[in-house]
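S.K.: Structure below; questions to follow.
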Amino acid sequence: MDKDSFPKIPLVLGLLLVSSSLAKSQEQEPQDACAQTEGMQHGLMNKFSIADYGVLLCMLVISCGIGMFYGFFGQKQKTSSDFLLGGSQMGTYPMALSLAASFITAIELLGNPAEMFNYGAKYWLICLPFIIVVPITSRLYLPVFMKLRLTSSYEYFEMRFNPAVRTMAAALYILQMVLYTSVTVYAPALALSHVTGMNVYVAVTAVYFVCIFYASQGGMKAVIMTDTFQGVVLMGSIILIMLVGNNLSGGTSKVFNESWKSGRLELVNFMPDPTIRHSVWSILIGGTIYWVSMFCANQASIQKYLSVEKISQARIALWISSAALIVIYTINFYTGMVIYSEYAACDPVQSEVIKASDQLLPLYTMNVLGKYQGLPGLFVAGIFAASLGTVASALNSLAAVTMKDFIGGAFGIHIQDEHGAAWSKWLSIMFGAVSFALVFVVQQLGSVMQVALSFNGMVGGVTLGLFSLGMFVPWGNSKGALVGASVSLALVLWIGIGTQIAQAHGFEPEEEKPISVAGCPCFNATESLAGGLEPFDNSSVFYLYRISYLWYSVIGFMGTLIIGLTVSLLTHNPEDPSRIHPDLLSPPFRTWYESFTNDLKEKLHLPIQEKDAVSPTSDAKANRNGSVTLREGFTNKALIMDDEKPITTPEAIA
């Protein structure tokens, strides 16, 4: 069988099963409207069929098979670099799809249609930051990562600042990802269980078992190739649901007309008030900083860039992954319009058919599209694929951070190359087990779920601020980095937790679009809504608790950068720019500083290049494989690295 057709098997199977069940479903007698609603309320309309389980099982088995191939039958992975970076020999397009898949969580697949249903299309503008992020990543941050070729990106902080900054950033990442992966698996499994009848514990266990197996056995190669396959499943499922749903709803014109009449197609709000949940400013500025942090300050992303040989490949992959994200978000929002067209006269949440809006898409798939056997299975396979892609990338990156920043860095334990892959495998298994155990903690503490999701953006903004302070500002020192990151993280955590507490007491960040229960045949709206609570006075909430969550990353980023630079300049020993190796600075900023006049350079303590000066790396030692190492004594920060460890490789330059 052609390996290129391998990932398409479940999608084709799903399409065949759907088409074969179409005729059968049309022969069924239509149910009475009242009986139909009662059936929805008791989850009895449609259940998973054998065909649905077959499609889901097929996706899970193939995912395990890919991990088994790379773990037991593929090229032997001897070193930690082979396991964690795929030997830097991965292809451009698989890496691009894997990058996109790691960004699309199951929470977003369920949440975006619900966002469209409840609040309208304003958040679709997040697609614009996807375009803005690519040149920022490609020109400002990516050249530094590709030139240094560090397995853990947080090693940069020890080279540029000191070990304390490195350890703090690595610890924050581990805490962030362990919490985040637990939530991104449990939340969608809970939503699916309420509607499909699938046991939530079985769903969570299946995801973790498959994910831990292929991520721990096959390493980065298995993660990327499985993500590619799962990306095909994910795309196939959401496209098929959108197309079939659009057809059943009466076509595109009817779907758009329903959303237009309800005011859900409002795209822009130019009010500069930061308390507006989704304004043009919060989405374009806050969304851009958030996604720059995901692309440029997230270990899982940076690790994938290093899995390819050339920087040109990584730049192509950035555009492909950005385009894939735009397509997925657009499909998600249009699916939300299709769902609203179906439930415009009978809101499932208000009519108590479901408990939360993240169950809208599973409800629609089961009770409207469920008559097509195989389609619900493909949908759940797509949700599982999103969870698997997120968790697998996280496990691989957590192993890398622990190996390099704690075992080799903070604890100083030297692991021989031939044992690196084995250590990495066991670390992947360990973090998978820890994340799985935390699912049961999250289940008991519901409020932790929202905090964990917000924590992802908070930590990302602070880490991006640290990278920016190091790469853009040669005067920033370790004291400034530590103080700036600590103060900014404390501030944004205070705001985020305060907001969650306010929401628990009735605060609503945004008023929902008009909904109706007038068309619910068996629902007594007067009786149900008679005991409703008085509207909550949002103005009584502290101002900072009312700002949009999209500004969290901006606060963390700007706070770290500004406070870090200020503290650096106020201390008695701000960093001497002439002692910083140029490879640690972002090339555009380095070029800009070099364009200053000698008088200005002297005032700013920037290195002055004489006509006969030797270039910074011209007297660097070249090791046997041709890579370049830092010159002894060039900078006290760089000496933290082993003197023989390469900082650049010829393959890193396109």
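Using N, Cα and C of the backbone, Cβ positions are placed for all residues, glycine too.
Quick paste from TrEMBL:
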type     : residues : note
SIGNAL   : 1-25     : signal peptide
TRANSMEM : 53-73    : transmembrane segment
TRANSMEM : 93-111   : transmembrane segment
TRANSMEM : 123-142  : transmembrane segment
TRANSMEM : 163-186  : transmembrane segment
TRANSMEM : 198-216  : transmembrane segment
TRANSMEM : 228-248  : transmembrane segment
TRANSMEM : 279-296  : transmembrane segment
TRANSMEM : 316-334  : transmembrane segment
TRANSMEM : 378-401  : transmembrane segment
TRANSMEM : 422-442  : transmembrane segment
TRANSMEM : 448-469  : transmembrane segment
TRANSMEM : 481-502  : transmembrane segment
S.K.: Would you confirm whether the transmembrane segment (228-248) and the transmembrane segment (316-334) meet the contact rule of 3 or more C-beta pairs below 8 angstroms, pairs 6 or more apart in sequence?
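M.R.: Yes, since the transmembrane segment (228-248) and the transmembrane segment (316-334) share at least 3 Cβ pairs closer than 8 Å, they count as touching.
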S.K.: Considering only the recorded stretches 93-111, 163-186, 198-216, 316-334, state which has the highest number of Cβ pairs under 8 Å to the transmembrane segment (123-142).
M.R.: 316-334
S.K.: Who are the long-range neighbours of the transmembrane segment (422-442) in its own chain, taking Cβ under 8 Å and residues 6 or more past its ends?
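M.R.: The answer is 80, 83-84, 178-179, 181-183, 185-186, 204-205, 208, 211-212, 215-217, 219, 391, 394-396, 398-400, 402-403, 407, 415, 448-449, 452.
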S.K.: Between the transmembrane segment (378-401) and the stretches 93-111, 163-186, 316-334, 481-502, work out which stretch tops the count of Cβ pairs under 8 Å.
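M.R.: Of the candidates 93-111, 163-186, 316-334, 481-502, 93-111 scores highest.
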S.K.: Compare 93-111, 163-186, 481-502 by their Cβ pairs under 8 Å to the transmembrane segment (198-216) and return the stretch that comes out on top.
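M.R.: The stretch with the most contacts is 163-186.
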S.K.: State the non-local partners of the transmembrane segment (481-502) in its own chain: residues 6+ outside its ends, Cβ under 8 Å from one of its Cβ atoms.
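M.R.: Beyond its ends, the transmembrane segment (481-502) has Cβ neighbours at 157, 161, 164-165, 168-169, 172, 447, 450-451, 454-455, 458-459, 461-462, 465-466, 469-470, 509, 541-542, 544-547, 549, 552, 555-557, 559-568.
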S.K.: I need to check the long-range neighbours of the transmembrane segment (316-334): which residues 6 or more away from its ends have a CB within less than 8 Å of a CB in the stretch?
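M.R.: Beyond its ends, the transmembrane segment (316-334) has Cβ neighbours at 92-93, 95-97, 99-100, 103-104, 108-109, 112-113, 115-116, 121, 123-124, 126-127, 130-131, 133-134, 137-138, 142, 231, 234-235, 238-239, 242, 246, 255, 295, 304-305, 308.
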